[in-house]
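Structure record follows, encoded as structure tokens.
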Protein chains: 2
Amino acid sequence: MSVYSSQRIALIGLGTIGISMAALHLSRESNIVDVFDTRPDFEAYVSKTLPIYMSELSSTINIESSPDSQPPTSLVASLISSGRLRIHSTLESACASATIVQEQGPENVNWKQSTWAQIEAVAPPSAHFWTSTSGIAASTQQAKMQDKTRLLVVHPFNPPNIMPLLEIVPAPGTSAERVEFAREYFSLPGSRHRPVVIRKEIPGFVGNRLAFALLREACYLVQEDVVNAKDLDTILMASLGPRWAANGVFESYQHGGGEGGIGSFLEKLGGTMQTVWDGQGRGNVEGDERTEWKEKVIAQVNDAYGTVSAEQLQVKEARLKDIIGIQMKGYSRDGREV
Amino acid sequence: MSVYSSQRIALIGLGTIGISMAALHLSRESNIVDVFDTRPDFEAYVSKTLPIYMSELSSTINIESSPDSQPPTSLVASLISSGRLRIHSTLESACASATIVQEQGPENVNWKQSTWAQIEAVAPPSAHFWTSTSGIAASTQQAKMQDKTRLLVVHPFNPPNIMPLLEIVPAPGTSAERVEFAREYFSLPGSRHRPVVIRKEIPGFVGNRLAFALLREACYLVQEDVVNAKDLDTILMASLGPRWAANGVFESYQHGGGEGGIGSFLEKLGGTMQTVWDGQGRGNVEGDERTEWKEKVIAQVNDAYGTVSAEQLQVKEARLKDIIGIQMKGYSRDGREV
């Protein structure tokens, strides 16, 4: 089964990530999407929220579609009447004809293990199994499955309707073909997504490990009164954020080292870097030791930002989308857009 | 002396950062800039490189000026003939009438200490003293000065002609008025810079401490074969880079926690976060222990990026400038630009 042929995707669990994934899969016109969730108002919820994600997606990848020209409810009604979107009341019917089953349920080991065993029993034997978990490895989730070659993590990044990253994390026994299928699916021409295959299961995968490493130091600097939380955010936005949006960390230091690249950089800055590494914050987020920072950080962040309104979030997301739009532009050698 | 009045800035050391700073100060039409460097081809070098930074700056802050309409050498010639730019062959003459002396010399403690003692002897007693160091605290640099209230760090971020951040780091004895003067100078209306005052001297200040914390984990993940260097860069560019360009790390997690803000986020993700923190990479960049990662990282980064050409750098910098341009735009509540 080629990634280029029509897919029939069963989505299990339709929270923010599930709805966002539904919009993504439906943006490919030959796909059929089956959705299942246990919430009582499921159909009304899908009718209300899906159009928001569909219109966001279309404005990003330039599909011809305007939320103004078609009332939101009629968009979902027409997807349903054309058979492209099917709303299910049982797991079994949702999975019955799937080529891909994708799960965004609770982050709970028991729930994942028993749900995958149920899915395996009702889905076609060839169907691909993807979990959107941010923390429970595929090798743990598949404990009650018969076939240990089918399941892999496809971890999106918040907000999933805007962020290009998908971390594809197979279990040691996941078949290479199934990994490649997932990678290719999200790399199709026109896709704004950037799937990356992680070679080994590790807690937090890669994106969150990098984020949590920086966060730990950020909390230490606030705890030590080197800088307050708001000023630390300003520093990040005025330096590392845009740098790493334009180039990764390794490429940046390759440039920073001049002709000798990152090797020269590590030699030149090695002294300062080692001093910083030796003195890094070693706070904890759980337990009773070295958690004093939590109260101070939470108070400063609440003071600085308060409760974020839906309108404020929209403004923030508009900026994020524009930044990602810049990343997707081509640039000629003289720096002009092409 | 108000920051709004004309300043006369003596720049000592005209490498990349010095030239970039010269362009910045000259972009304010009432300033006079005195430059001093020991390189033999100093005047020819300034004539050649300054126009590049002047034109980059003007395109960012919309000053009327086009490098095409005026040949580069004549731009510098006209700045010199109008008395706004003065090229000096001695430290003494460069500093003689300064209201601000700013130093971008070698990152060497002895050089800094003896240079500041010399500057103090020849500059007007009221002049502000700024060092662009990335690693040597003001309290160390001022060891041989008489007056310990005058010197502070003004640390720009690479590339200094594009990056908004300036870390202002006073020594414990630096006067509060001098700190406030520097902060206000870089906050003038129309400035694209974002100065932040760091409250305590600490190795690496804040920006590089955050960067090095993330880098250490990045090197660990490459060393452990979780991901290769190129894919790690892709992950960063497709997730954390744009996220932190749009919002800081604390604000992002305030959003991520929903109504409960960062407090809820730390509760919900605390388990995974603690596991990640307990398992973080603890590599060294100096010494013989835990430095195995260096060979692998350097090889993979060289493989991925090779030597970066001037043309490639221009393309990268164009993207960086566009991202920072997005940050400076206003957004209305419905996400449209205003």
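Residue numbering: from 1, along the chain as shown.
Glycine is treated like the rest: Cβ placed from N, Cα and C.
What TrEMBL annotates here:
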type	residues	note
DOMAIN	B:9-198	domain '3-hydroxyacyl-CoA dehydrogenase NAD binding'
SITE	B:H155	site 'Important for catalytic activity'
DOMAIN	B:204-268	domain '3-hydroxyacyl-CoA dehydrogenase C-terminal'
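Its Cβ taken as reference, B:H155 (site 'Important for catalytic activity') is surrounded by 25 other Cβ atoms within 10 Å in the chains shown.
When pLDDT values are averaged over the domain '3-hydroxyacyl-CoA dehydrogenase NAD binding' (B:9-198), the model yields 91.
Note on the domain '3-hydroxyacyl-CoA dehydrogenase C-terminal' (B:204-268): DSSP counts are 52 helix, 0 strand, 13 coil.
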